[in-house]
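Trainee: Please see the structure below; I have some questions.
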């Protein structure tokens, strides 16, 4: 996005919240199923004295994918190397990373769905056979070279599982989906961060921040910092519900965690397109925002909260969105939603889906 939003779940440069990240699995709050499974896999790998199988984290930004990757390396007692898909532009970039890894090291690739397809082809034998196949030279003088690699663990993160190719997905032995946090979990995180900041906060103050944090710890930490700024200037001795509510209201973050851009998104569909359906490209053009930003940052929370519905024909506002905006839904919109729900029910009646079956609509 062109302007940094307060409620962006992407990390900011020099973000002070980086220093608040937990260092061990037992200190990590939330994602209980993921933590429990990771603990078992890590203990098993250590007992066998082998590299942990490759891990793929799937979920919206800000839920702890990078933090969990760092914790995994520490729990395994190995080195941690980090990069991202768009940064690996040439085969030489990937070769330099892989050849510098030691036995059982963890290599973390964020946004792996943005990896160049040519680079992805080189990654396949590296993940499966721990070998690097490179072509040296050009034309008739070109020759293939195989380089043996240390047995490493690739930990990848993506917000868009549907953009990963099937061969790449199949090479990850441990797929883990991270979900939005509950308000109770976020309250605990806010209180913990406040203690680390040496700031006094009441239970209702922590609750007020947590319920507006969009289910995302990174956003909760950012909101806490801004509320601390207000409390300091207002000379409040303690952050209670009144202080938190006043600060967040002035920042235009409402009680459900929606900011002006979220409301623009909902109002656009409601007023311009009468509740939808409307295509994502049309929404992106009308909001002057990249499609990826809308799909990765704005829509996941709106979908999770039941404000919108994705259909084959486009996005549709649901009843909760109309109520939140204080608007009346057109009668045609209600019948369209019922039809879309019926179609979705029929589509899903054939069987259950797994993590690998999911794709972005």
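Just so it is clear, glycine is given a Cβ too, placed from its N, Cα and C backbone atoms.
Marked as region 'Large ATPase domain (RuvB-L)' by Swiss-Prot: 1-181. The ATP binding site annotation in Swiss-Prot covers 20, 21, 62, 65, 66, 67, 128, 129, 130, 171, 181, 218 and is backed by sequence analysis. Under the heading Mg(2+) binding site, Swiss-Prot lists 66. The region 'Small ATPAse domain (RuvB-S)' annotation in Swiss-Prot covers 182-252. Under the heading region 'Head domain (RuvB-H)', Swiss-Prot lists 255-361. Annotated DNA binding site per Swiss-Prot: 291, 310, 315, in sequence order.
Mind mapping these onto the model and telling me what they sit next to?
Mentor: With a cut-off of 8 Å between CB atoms and residues at least 6 apart in sequence, the same chain places 82, 108, 110, 157 near residue 66 (ATP binding site), listed in sequence order. Secondary structure at residue 66 (ATP binding site), taken from DSSP and collapsed to helix, strand or coil, is helix.
In this model, the region 'Small ATPAse domain (RuvB-S)' (182-252) carries an average pLDDT of 92.
For residue 310 (DNA binding site), the count of additional Cβ atoms within 10 Å of its Cβ stands at 17 [all protein chains shown].
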Trainee: Cα-Cα separation of residue 291 (DNA binding site) and residue 20 (ATP binding site), in Å?
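Mentor: Rounded to a whole number, the Cα-Cα distance is 31 Å.
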Trainee: For residue 130 (ATP binding site), what is the tally of other C-beta atoms lying within 10 angstroms of its C-beta?
Mentor: 16
Trainee: In Å, rounded, how far does the Cα of residue 181 (ATP binding site) sit from the Cα of residue 310 (DNA binding site)?
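Mentor: Distance (Cα to Cα, whole Å): 22 Å.
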Trainee: Given the binding-site residues 291, 315, which one's Cβ is surrounded by the fewest other Cβ atoms within 10 Å?
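Mentor: Per-residue Cβ counts within 10 Å for the binding-site residues 291, 315 bottom out at 291.
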Trainee: Would you mind listing, in sequence order, the residues at least six apart from residue 128 (ATP binding site) in the same chain with a Cβ closer than 8 Å to its Cβ?
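Mentor: Same-chain residues close to residue 128 (ATP binding site) (Cβ under 8 Å, separated by 6 or more) are 171.
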